[in-house]
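S.K.: Could you have a look at this structure, given as structure tokens, before my questions?
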Amino acid sequence: MSALIRRHGMALIAAGALLGIAVPPLAATMRPWLLWISLAVMTLALLRVEPAALVGVLRRPRLALLVLAWVTLGVPALVYALLAPLLAGGSAFLAAAVLIAATPSVMSAAVFAILLGADAALLTVVAIPSNALAPVLLPAVAAFMGVSAQVDPWGMALRLAVLVFGSFALAGLAIRLAGRPALRSAAPVLDTWIVVLVTASAIPCMDGVGEALAARPLGFLLMLGFALGLNLALQAIGFVVFLPAPREGALSAGLVSGTRNMVLLLAALGDPGESDIGLIVAAAQLALFVMPVLVAPAYRRLRRRT
């Protein structure tokens with residue numbers, strides 16, 4: 001069973017998101033547990049990242065700083081520059097695309113890196129300051145785009161503190177009790193639980209999306225196509241921009257360019273069914289969980305060319 005879960009992990013994650021859409025009461029019921037599921041996911045991801053790899057990124061931070069600057073400033077500026085001439089100033093698609101691009105990377109970026117073969121240590125280092133900057137950056141971008149976004153900086157800071165300090169503390173305790181060699185041997189078990197927990201986290205992430213889809217099915221499908229296209233395009237652009245870096249670093253930059261913390265943005269925008277922008281962001285949340293199964297073949301080919 002464990003091997004089967006790992007083999008079909010990316011499909012299971014997508015299925016978890018679809019389950020959250022298909023059964024809205026389940027997504028709503030699980031919503032209060034999302035923070036704690038995310039904490040467990042981050043802890044397991046840290047157990048799969050070698051401490052030496054994290055130290056290596058921190059000792060040679062140039063690539064991490066460049067990726068952070070790219071995802072924080074470069075990507076939203078690029079999205080606006082490319083789409084503003086094509087879409088009307090008041091377009092919900094333009095506003096949503098820029099907001100998505102300005103949203104920090106998912107805190108569990110290391111999980112996607114593990115699943116797709118990118119640099120989990122690099123993305124762990126990038127994710128923390130990326131999310132720490134969100135309370136300042138998101139309101140500024142929302143105001144620039146004329147969008148009302150209720151950002152709670154203290155709530156964001158508390159959530160970030162729980163995830164970062166909690167996951168590092170739990171991972172450190174596990175390493176102390178079990179030892180790094182035992183955890184290396186347990187890598188298949190850890191990967192299995194990572195898949196199970198990410199699948200579980202996908203369900204509450206879809207809270208409110210099922211109702212929005214039922215109300216506007218055709219519109220939602222159009223928005224899903226737009227969001228998925230944006231995600232994949234940003235990954236491709238990020239990869240190309242960082243091609244001078246080692247291949248694993250370029251893949252990581254591409255991955256984090258499109259993999260953003262939509263839960264944070266949805267919380268700021270409110271009910272996804274109340275506006276076109278909220279619905280597009282909800283579609284982008286679904287795209288986040290569907291994306292790995294779509295891009296995995298490309299990541300495998302690119303890794304083989306290293």
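Just so it is clear, glycine is given a Cβ too, placed from its N, Cα and C backbone atoms.
OK, TrEMBL features for this one:
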type     : residues : note
TRANSMEM : 37-58    : transmembrane segment
TRANSMEM : 65-87    : transmembrane segment
TRANSMEM : 93-115   : transmembrane segment
TRANSMEM : 122-145  : transmembrane segment
TRANSMEM : 157-178  : transmembrane segment
TRANSMEM : 221-243  : transmembrane segment
TRANSMEM : 277-299  : transmembrane segment
S.K.: Report, as numbers and ranges, every residue of the chain located at least six residues beyond the transmembrane segment (37-58) whose Cβ falls under 8 Å of a Cβ in that stretch; write 'none' if there are none.
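M.R.: Residues 64, 107-108, 110-111, 114, 119-122, 124-125, 162-163, 166-168, 170-171, 174-175, 180, 183, 187, 190-191, 193-194, 197-198, 200-201, 204 contact the transmembrane segment (37-58) from elsewhere in the chain.
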S.K.: Flag the pair the transmembrane segment (65-87) / the transmembrane segment (157-178) as in contact if three or more Cβ pairs fall under 8 Å (sequence separation 6 or more).
M.R.: no
S.K.: By Cβ distance under 8 Å, which residues at least 6 away from the ends of the transmembrane segment (122-145) in the same chain are close to it?
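M.R.: Distant Cβ neighbours of the transmembrane segment (122-145) are 45-46, 49, 54, 57-58, 61, 63-64, 67-68, 71-72, 76, 94-95, 98-99, 102-110, 112-113, 151, 153, 156-157, 160, 164, 248-249, 252, 255-256, 261, 264-265, 268.
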S.K.: If we skip the immediate neighbours and take only residues 6+ beyond the ends of the transmembrane segment (221-243), which ones have a Cβ under 8 Å from one of its Cβ atoms?
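M.R.: Cβ under 8 Å, 6 or more out: 66-67, 70-71, 74-75, 78-79, 93, 96-97, 100-101, 249-251, 253-259, 276, 279-284, 286-288, 290-291, 294-295, 302.
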